[in-house]
Amino acid sequence: MMRYQWWLYLVYAIGLMLCLGPSYIHPDEHFQCIEILAMQFMKVKGTIPWEFKSKFAARSYGPLLLVYGPLFTILESFPEIQDNPALILYSMRLQNYVMYLLCYHFLIPKLIRDERKAVQFIKKSLLLTSYVTWTYQTHTFSNSIETLALISTLTVMEDMVNEKNIQRSNFKNSVILGLIFSFGVFNRVTFPAFIFLPCLILFWKFYRVHWKSFSLLLLSFSFSSCLFVLIDTNIYNNGKGFVITPLNNLKYNLNVQNLQVHGLHPRYTHLLVNLPQIVGPVLLLAIFSGYKLDKLSTYAIISGLLFLSFFQHQELRFLVPLVPLLVTNLNWTPLSSTLVNKKIFKGTWLLFNIIMAFIMGISHQAGIIQFLGDYFHFRTEQMGVHIWWKTYSPPTWMYMSNNLTVSSLINTQDGIESIDEVAFSVGNHHVIDLKGCDLPLLTETIRRLRLNGSITPLTLVTPNSMTSELKKLKRDGTINLIPKRNYLFHLDLDHLDFNDFTTFKPGLTVYSIELL
């Protein structure tokens, strides 16, 4: 028992360390969450993503305010934290980590209570040592919150279809289920994809003979949904009547032309590419052992994969809510025990998760967060112009400025990148996000800033993987780059070129630009 407790504390500590790591997994963890909240609560200027523009109104403020609003309210009482973007970021990640651990301790056991103690221990151990638990679940993705909503839903539903409870009316659970359904839908429009098949089974087994309970579920869902609609209508205030964000989001995503902007993938991407990446060696257990067909969780897996694969924009994080189900719902057989107890499986599982945890929890695009966290300490009135090139979009809320101008590269209808909308006349407190544009556009940006008479500091933030490209920039003879700061733990996986091994160089460097 003592040995188990020490092992548990060690895993918790590893999770805490990675939770507080500087990695930056995907722009949406900032722009669909903290960026919006910081602008609401702290009145800083930042980047409004398309989903939160009144024209689209495709994301609900309700779940964000419900999950993170209390934390921001508490932080208002601590100015030393409220003014420090790194502390705000890590506070939010810590909250997510704690919420997931609570779910792990109180809800996951209910999904595996029919298993033998030894099997429960193995499944819980696999889930706790998954890199997804340490990274994706702690970052501020809507997918992370969707996981909690899905597990909560399935826990309640499993309880309702239990033979002991099937004859009861279950008014309380019906009300709870309606509230979670509403929250899940307004948090992410993909939530119904996971619960569609489980809902059909629940209706057939329970609600077709308990119509009063079904009425309560509908009433609860409608009431909470109306509250979310009123919140969004008040905030967006776009003059178009009531704002129903899940409906707007669904309409947007059903248009293939819209999805092309974000990237189209083959429909098998989730099944053949993303699934192996997200569960690793557990996939072997799934292949050899299969899943329990008498559990609603299995149908949530099938339902989620089926409906999410229908859409051609398929990112790995969309499958994050399935990870707990893919692990805990395995059909445990003697072959499963034999495989898990083999040293090669244990070693492969640990190696897979250590590597993925290092990438996703510590080094992936981490220089961005480190620089903006440091910038808080050395910022001055003469910020000048910060040009970001070949990095993920900087989370501009971390500048903590109420006087910030953000310009960005745009793609024209012909797919051509353009800097025509960059505010070259703004020479101070200006962030220019050039994303992954080619070198000529970077050169043109610097040239036009110079032509507009910019005498304030010009700063270039770019990964060390661009060493070869920067040498070409210097050959121009009119530009000199002086390294000011360097961050070793920055992994750029987006610009790897096997014909140029300098693109594998880790790190991010902040340069001062001198115009000769």
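Glycine too: its Cβ is placed from the backbone N, Cα and C atoms.
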Using the annotation in Swiss-Prot, determine whether Lys292 and Lys343 are placed on a common side of the membrane. yes
Which listed span Swiss-Prot calls transmembrane segment, if the choices are 211-231, 421-441: 211-231
Range annotated as transmembrane segment in Swiss-Prot, from 29-49, 176-196: 176-196
Could you tell me whether the transmembrane segment (211-231) and the transmembrane segment (61-81) have 3+ CB pairs under 8 A, leaving out pairs under 6 positions apart? yes
Any chance the transmembrane segment (349-369) and the transmembrane segment (176-196) are in contact, meaning at least three CB pairs closer than 8 A with a sequence separation of 6+? no
Secondary structure composition of the topological domain 'Lumenal' (232-270) [DSSP: H/G/I, E/B, coil]: 23 helix, 0 strand, 16 coil
Note: in the chain of Asn403 (N-linked glycosylation site), residues six or more apart in sequence with C-beta under 8 angstroms of its C-beta are Lys45, His429
Please list, in sequence order, the residues in the chain of Asn452 (N-linked glycosylation site) that are at least six apart in sequence and whose C-beta is under 8 Å away from its C-beta. Phe424, Ser425, Gly427
Kindly report the helix/strand/coil residue split of the topological domain 'Lumenal' (370-516) according to DSSP, in that order. 41 helix, 42 strand, 64 coil
Taking the topological domain 'Lumenal' (82-175) alone, what is its mean pLDDT? 93
